[in-house]
Amino acid sequence: MNLCSSAGATASTSSLSSSGHVESNSSGPSEAIHCFGVVGGGGNSGGSGRADTALNQSNRSTVNGGGGNPTNSNGPNLTHNEINAIMPPETRPKMVTVKHPESNKPKPTTKKIVKNIQADQDVIKALQRCRDEGIKRLDLSKSSITVLPNTVRECVHLTELYLYSNKIGQLPTEIGCLVNLRNLALNENSLTSLPESLKHCTQLKVLDLRHNKLAEIPSVIYRLRSLTTLYLRFNRITAVADDLRQLVNLTMLSLRENKIKELGSAIGALVNLTTLDVSHNHLEHLPDDIGNCVNLSALDLQHNELLDIPDSIGNLKSLVRLGLRYNRLNSVPISLKNCKSMDEFNVEGNGITQLPDGMLASLSALTTITLSRNQFTSYPTGGPAQFTNVYSINLEHNRIDKIPYGIFSRAKGLTKLNMKENMLTALPLDVGTWVNMVELNLATNALQKLPDDIMNLQNLEILILSNNMLKKIPNTIGNLRKLRILDLEENRIEVLPHEIGLLHELQRLILQTNQITMLPRSIGHLSNLTHLSVSENNLQFLPEEIGSLESLENLYINQNPGLEKLPFELALCQNLKYLNIDKCPLGTIPPEIQAGGPSLVLQWLKMHSPYRQM
């Protein structure tokens, strides 16, 4: 049987009628099945023929498909009983009750049926046009397709076929007739397998099977040796067969988000790979053969269960990105220092205590280093040279108790440092040399003092010092004129310096959970401030100048047990959207007004303000 023949395997043909129904013409006998009987030839040679004769003799009455009475074209309608009365028992048509097995299930709405029919018609028309016009690119994505018509075999000119985001559970065998196909997108369907006929698509370069229901890599894929790009992300694949080695032309392979426990030695045969993504699987080890993939520039291994990395990884001298986040590594091999093209090194979420001596210094192209959520107790060895070209360092959530003096002396491009959740008690004496720093996160440490030299960090835009042991902020903070976010939450601060008012670019000031008794009047100069949190302090009053904060949108002053009244000037904050005054003994404002939200409180303040005539 030639599945790719336009005439098909039988003599019947299908066409779309003007009413939207598919009309079938067949050279064989036909049988019409009705709800109340069987009419026409093709049945047994007994009663059916005689019944037809009897019906013809009875004014040629016919049985309609809707279950109504037989119709006499030349006279009145006859009931079934009347028909039976004029017919011998042996020639009477048998009563047939047709009941679908799922007839008890809720029936789809007419609207849904019409929509599906229309979708099917659109697909058929698209395939016909593709055949008639020799179209090379066909996009049937998001078309609610459940079954791809076998007439797809006629679209032999196709080089690109997009079927993503449908409801296809199985491809027709005729897909193999598309011998010119180069790009086939089947992502976001319900495929559990692929037909063997796909092997005839010998020119296929790109195959996208993301987000399907494949429990294994279909064996036919291994026969598509022209493939350069294969996406198998988010399926249910548990293993990779040794036949993978046949796909020697692959440059991109994605097996992300499956259930793969082992990557066999066959991976080493894919010497043309430039991108390999096996993240979010269950790998515990990598084969040594990974070192044969010398053209790899991106290797993503994050979110696995890797216990070690083979030394052969040092052979990947073209590697630019290596993702090792969230595994079970205790160390990395020193051979990584040979991967001198790497610009990002990320081992977040492992159990690493130290890196090999001088490894980072050897990776001179690094711009981003992420060592967060490990077991480091000190900075990596290698001195200032290891951060020469780095602009971002993340050591969050480790056990580091100090930043070595001069460690960033060569890091002229360092703009972002995250030391959150460590054990720092002080900053190094040369902190004033970090002049290019833009974002500095020192939250959740044990800092007791902020050095005056902080004034030199004049490019700083984000300074996070929350959850430390600071008692005061130096006056030199006013020199940080570019500061947009200042987070001092959960310290022991009692007084803010007057110079805080010089931070005209400040948008968020977080002072929650301190021991502040009053805000400086200069706070009114913070014209760009949108968020001010002073909750859980010891405020006795708010300065009148708070009314000058024309950009203020959120104000948290809750849980200040000594705050008994609000200044009338607060009503001047026209952009205020959220006001939290819970657990403040505001005796002057009625409870029902307080419960009404910020707009009602502001309205009350305005009505009772001496400025109400203004």
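Heads up, the Cβ atoms here are built off N, Cα and C, so glycines get one too.
In Swiss-Prot this protein carries:
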| type | residues | note |
| --- | --- | --- |
| REGION | 1-29 | region 'Disordered' |
| REGION | 44-79 | region 'Disordered' |
| REPEAT | 134-155 | repeat 'LRR 1' |
| REPEAT | 157-178 | repeat 'LRR 2' |
| REPEAT | 203-224 | repeat 'LRR 4' |
| REPEAT | 226-247 | repeat 'LRR 5' |
| REPEAT | 249-270 | repeat 'LRR 6' |
| REPEAT | 272-293 | repeat 'LRR 7' |
| REPEAT | 295-316 | repeat 'LRR 8' |
| REPEAT | 365-386 | repeat 'LRR 11' |
| REPEAT | 413-434 | repeat 'LRR 13' |
| REPEAT | 436-457 | repeat 'LRR 14' |
| REPEAT | 482-503 | repeat 'LRR 16' |
| REPEAT | 575-596 | repeat 'LRR 20' |
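Shown for the repeat 'LRR 1' (134-155): DSSP residue counts in helix, strand and coil, namely 5 helix, 3 strand, 14 coil. For the repeat 'LRR 16' (482-503), DSSP puts the residue distribution at 5 helix, 3 strand, 14 coil.
DSSP states for the repeat 'LRR 8' (295-316), grouped as helix (H, G, I), strand (E, B) and coil, give 5 helix, 3 strand, 14 coil. On the 0 to 100 pLDDT scale, the repeat 'LRR 6' (249-270) averages 98 in this prediction.
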